[in-house]
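Engineer: There's a structure below that I have some questions on.
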Amino acid sequence: MVAFLFCNLLLVACGSVTWTMSDTGESGVDLADRLDLVEKIGDTHSKDLEIWMELGKQREADAREMHAVCRVQPSAMLPPDQPQITGLVLFRQLGPSSRLEASFNLEGFPAEQNTSNHAIHVHEFGDLSQGCESTGPHYNPLGVPHPQHPGDFGNFVVRDGRLWKHRMGLATSLAGPHSILGRAVVVHAGEDDLGKGGNQASVQNGNAGRRLACCVVGTSNSEAWESQTKERKKRRRESECKTT
């Protein structure tokens, strides 16, 4: 597009020079030719303006920071004796071509286990009419085996019933044809075997077990992310103070 714009500007310059030279010559060009040249120059300027405006829109889109929030709640179909997990999953993407980052802040896991691993994935549908069971399979727009699905976030370590984690460089996106907006994030009861379980379920969902809690990803402003970032920095400072 930039090359096309340069060519147009060059043509306008050449046309202007030709006209100027013809004005100084003996014969020159007739009035009709001059009017035709003026019209062509005007059309070229209009096209150039449109191109510049489109380039400006593209730059604005590339620079637009996107945010999303997912408010996790226990599955409506979950038996009462199961963990009641709640919390927030926040997303930030600096631009459509940037890698996604996410902040996970969940609680309600069994505290008596002290530490455990739980899988978290993006599922295809944002349908919670039957709790987390109606969110469908893993979101897999490219038809690849698990754990290469764009929303395969992997395993998260839970300590004392709490999960607090920040991850960067995630393969999924808030923009484009494979956006996860409107889709579900699901917290599982078990650990993801990362496709190494040796059965069909392993390459579909990692044998991650029951769906404990879920939410639907929706657009948001930056306030929740900024608040979470401040809290994360505060926790890091407190942790550093304890170790010194």
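For all residues, glycine too, the Cβ spot is worked out from N, Cα and C.
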Engineer: Candidates are Cys214, Cys215. Which one does Swiss-Prot pair with Cys132 through a disulfide bond?
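Structural biologist: Recorded disulfide partner of Cys132 in Swiss-Prot: Cys214.
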Engineer: The Cu cation site in Swiss-Prot includes His121, His123, His188. Which of His138, His178 is also listed there?
Structural biologist: His138
Engineer: Cys215 pairs with which of Cys70, Cys241 in a disulfide, per Swiss-Prot?
Structural biologist: Cys70
Engineer: Neighbourhood of the Zn(2+) site (His138, His146, His149, Asp152): other residues with Cβ within 8 Å of the Cβ centroid, in order?
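Structural biologist: Near the Zn(2+) site, the remaining chain residues are His121, Tyr139, Asn140, Pro147, Gln148, Pro150, Gly151, Gln204, Asn205, Gly206.
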Engineer: Which residue, of the binding-site residues His138, His149, has its CB surrounded by the fewest other CB atoms within 10 A?
Structural biologist: His138
Engineer: List the Cα distance (Å, whole number) between Asp152 (Zn(2+) binding site) and Cys214 (disulfide bond).
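Structural biologist: That separation, Cα to Cα, works out to 14 Å.
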Engineer: Within its own chain, what residues at least 6 apart in sequence put their Cβ under 8 Å from the Cβ of His146 (Zn(2+) binding site), listed in sequence order?
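Structural biologist: In sequence order, His138, Asp152, Leu194, Gly195, Ser202, Val203, Gln204, Asn205, Gly206 meet the Cβ cut-off.
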Engineer: Just how many other Cβ atoms lie inside 10 Å of the Cβ on Cys132 (disulfide bond)?
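Structural biologist: Looking across every protein chain shown, the total is 25.
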